[in-house]
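These features come from Swiss-Prot:
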- 52-114: coiled coil (COILED)
- 1-22: compositional bias 'Low complexity' (COMPBIAS)
- 29-39: compositional bias 'Basic residues' (COMPBIAS)
- 51-105: compositional bias 'Basic and acidic residues' (COMPBIAS)
- 107-127: compositional bias 'Basic residues' (COMPBIAS)
- 1-127: region 'Disordered' (REGION)
Amino acid sequence: MSAEPSSSAQASAPTVVSVAPSKNGRTPGKAHKSAKTALRRSYISPSVKTPFEKRMEKEKAQQAAKQLEKELKEEKENERQRKVNIIKERRARKEEKQREEELRAKMSAKKLQRMKKREGRSKKING
């Protein structure tokens, strides 16, 4: 250590650096932070960038097309279900008719048998 500390202090006097006020006026420890701004993506070409309104119009058109497609699909499915129901009803009627026909045939066979039996009795008696 030398005997002239005051002269060296003057030569290397601390320089005062003004501290920039940070966000919300909080300076301690934040002087090195710069104010941040919203990100602007400059790497997207202008031909790709579209205004919000145009994008919304396009989205509405797509939604309308989807809605129309959905309605057409529902209509087609309803028509298919109607045809399936008609076929099922037709088959059920046919089966019911067949069952009634078999029942009639069975009943008429029994009736014929009874009539033959009566006829046979009368022949024996009359015969």
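Placed from the backbone N, Cα and C atoms, the Cβ positions cover glycine too.
Taken together, the residues of the coiled coil (52-114) have an average pLDDT of 94. The helix, strand and coil residue counts that DSSP assigns across the compositional bias 'Basic and acidic residues' (51-105) are 54 helix, 0 strand, 1 coil.
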